[in-house]
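What TrEMBL records for this protein:
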TRANSMEM  36-53  transmembrane segment
BINDING   Gly42, Val45  Na(+) 1 binding site
BINDING   Asn49  Na(+) 2 binding site
TRANSMEM  65-83  transmembrane segment
TRANSMEM  104-137  transmembrane segment
Amino acid sequence: MEANAMEETQLQINERKPTPGKMVHKRGHWARKAEYFLAVGGNIVGLGNIWRFPYLCYKNGGGVFLVPYLFFLVTCGVPLFLLETSLGQYTRKSGLTCWRKICPLFEGIGSASLIIIGYFNFTYIIILAWAFFYLFYSFSKELPWSSCNNTWNTGTQGLCPKHIHLVHAENM
């Protein structure tokens, strides 16, 4: 009986009651578990892993590379992912502020993760800019990379082949 009374008071303490001056925002919920897992999987894998993984396999021994990769994925990657998602659910805070609620000493972890995300976003923007550059220039009549008379390759005239057989727009 005493345990039930303690649970009820604990539940009352943990419940959030809206203050009269603040607007209460309803939190969104996933309709199905599959939506959640697909959204999280898309964030974990990302474009960087798709681009880098074949290169890393090739440089580090092919199939032999998969053994330590899968080992560290299971022993480090999955537990850190579960820690981060459960910490966010427990504290109902963002990745930047959830560490402060657990231990104020760990507040720098959230700031460091934000800086790392900003750095990776900067590098992905540069890669996307290259992709858009080549996309837009591929619609021109003469492709800039079909000749060696450009500002970026003036010192490499000896490296350019004499007979370049490329498909031009007028031949299509």
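Keep in mind that glycine also has a Cβ here, set from the backbone N, Cα and C atoms.
Counting Cβ atoms from all protein chains shown, the residue listed as 'Na(+) 2 binding site' has 10 others lying within 10 Å of its own Cβ. All protein chains considered, the CB of Gly42 (Na(+) 1 binding site) has 10 other CB atoms within 10 Å. Val45 (Na(+) 1 binding site): 11 other CB atoms within 10 A of its CB, across all protein chains. Note: the Cα of Gly42 (Na(+) 1 binding site) and the Cα of Asn49 (Na(+) 2 binding site) are spaced 11 Å from each other.
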